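One structure is given below, encoded as structure tokens.
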Amino acid sequence: MSILQILHFPDDRLRKIASPVKKMDDQIRQIADDMLETMYQAEGIGLAATQVNIHQRIIVIDVSEDRHQPLILINPELLEKSGETGIEEGCLSIPGEKAFIPRAKEITIQALNREGRSFRLSADDLLAICIQHEMDHLIGKLFVDYLSPFKRQRIQKKMEKLQKINEKKDK
């Protein structure tokens, strides 16, 4: 398994729309495994393939307290949503930033699992929020897109400044 590099906002590659996975094979399973390892190492609860510059519809999530209940979603589709909720969301692609984002409280999705079998999942609370957040990544949408232009621009400038500092450290 490998740790993958997580792209950071405002990297344009985060805006690419992910393509459906056409065939479940060992390569896709390896990508999902590497994504899980990357997510755990970064102490995140979800990661979309877009965030690691792989533009396929793959999401990994683990919102369990013991961090031993990974969920792999291949080609997820939102079937139903209801209610309203929201929390202060963070994102591995926008480190150090959080914002309250409105989301559906309950959702039902359909996806393929690691073996390529189709399944339905009904989720609420944190799992529902996390799935919606990660599915946004698959269409090139970030949580900052829900914010006012002023707040989004402030975060973008902060991230660009951080990127320049990190580039100087790497030299």
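Along the chain as shown, the residues are counted starting at 1.
Just so it is clear, glycine is given a Cβ too, placed from its N, Cα and C backbone atoms.
Noted in Swiss-Prot for the protein shown:
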ACT_SITE  E134  active site
BINDING   C91, H133, H137  Fe cation binding site
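According to DSSP, C91 (Fe cation binding site) is assigned to coil rather than to any helix or strand. All chains included, 25 other C-beta atoms sit within 10 angstroms of the C-beta of H137 (Fe cation binding site). The recorded positions C91, H133, E134 differ in how many other CB atoms lie within 10 Å of their CB, and the one with the most is C91. Taking the centre of the Cβ atoms of C91, H133, H137 as the Fe cation site, the nearby residues of that chain (Cβ within 8 Å, site residues left out) are G46, A48, Q51, E89, L92, S93, E134, D136, L142, F143.
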